[in-house]
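The structure appears right after this line, and notes come after that.
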Amino acid sequence: MRKPLVMGNWKLNGSKEMAKALVSGLKQNLAGVKGCDVSIAPPVMYLDEVNGLLAGSNIVLGAQNVDTALSGAFTGDISATMLKEMGAKYIIIGHSERRTYHKESDEFIAKKFAVLKEAGLTPVLCIGETEAENEAGQTQAVCARQIDAVLNTQGAAAFNGAVIAYEPVWAIGTGKSATPAQAQAVHKFIRDHIAKKDESVAKQVIIQYGGSVNDANAAELFTQPDIDGALVGGASLKADAFAVIVKAAEKAKAK
Ligand SMILES: O=C[C@H](O)COP(=O)(O)O
């Protein structure tokens, strides 16, 4: 039985004041939640601040990116050990916004995955096809290629305790979520793909859906057997909406 994980990715949004208000709202709304793991990933500038604000809550700190190096002459980068020291656990890598705007390759992202595992942190590996790839029928091939970058270099065991976030690029920030059936089909494909290497690893890996998840569509998405939670962008900036999503995951997966 997999425990769902709902994670908020604040992206490049926020301020000290906003973080304080949002975390306070989340703590109030999510105090009793036990059946769903919850994490929020603020911009790296606010990690320390938010870590302090989260004290005593059931919400775990996450981060949006990491570099492959642990130290050295890499201006502007942040290491896995630094994130760990700040209290972050779930680290998003391979987000389509980094693949697109920063030209991050599958191989580079796989290195980040390895660095996080080595540091004892949890990679949240984002994968997913663009609209053009979707229309060309390449969804499965793209997802397989993005997973294989890790599978073929680190083995299936690397996915023990790791998280995959399936985020069709065409659904991110567009208000056009994949339908529950569409998402389920890809999630099943991802799990089956890993199962070809190791069935027990595939069974335990958390596969989140991301892309325009909100308080109105979350519950139906979570009815699907291979959707183990969500990676939420826009709706994670509103305490009420995010709490509805978390509670929907808790309820759906308690069944
Ligand atoms: O990391 C989160 C995803 O990119 C989804 O963003 P969104 O919920 O704003 O569509």
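Backbone N, Cα and C define each Cβ position, glycine as well.
All annotation found in TrEMBL is predicted automatically rather than curated by experts.
Per TrEMBL, the feature active site, electrophile maps to HIS95. The active site, proton acceptor feature in TrEMBL is assigned to GLU167. If you look up TrEMBL, you'll see ASN9, TRP10, LYS11, GLY173, SER212, GLY233, GLY234 marked as substrate binding site.
Under a cutoff of 8 A between CB atoms, and with a sequence separation of 6+ in the same chain, the neighbours of ASN9 (substrate binding site) are ALA41, GLY62, GLN64, ILE92, HIS95, GLY210, LEU231, VAL232, GLY233, SER236. When the recorded positions LYS11, HIS95 are scored by other C-beta atoms within 10 Å, HIS95 scores highest. Here the CA atom of GLU167 (active site, proton acceptor) lies 9 Å from the CA atom of SER212 (substrate binding site). Spanning the residues ASN9, TRP10, LYS11, GLY173, SER212, GLY233, GLY234 that the record associates with binding substrate, the maximal Cα-Cα distance equals 14 Å. Around GLU167 (active site, proton acceptor), a 10 Å sphere centred on its CB holds 28 further CB atoms from the protein chains shown. Listed binding-site residues: GLY173, GLY233, GLY234. The one with the lowest count of other Cβ atoms within 10 Å of its Cβ is GLY173.
Spatially close to TRP10 (substrate binding site) yet at least six residues away along the chain are ILE40, ALA41, PRO42, PRO43, GLN64, SER236, LEU237, judged by Cβ distances under 8 angstroms.
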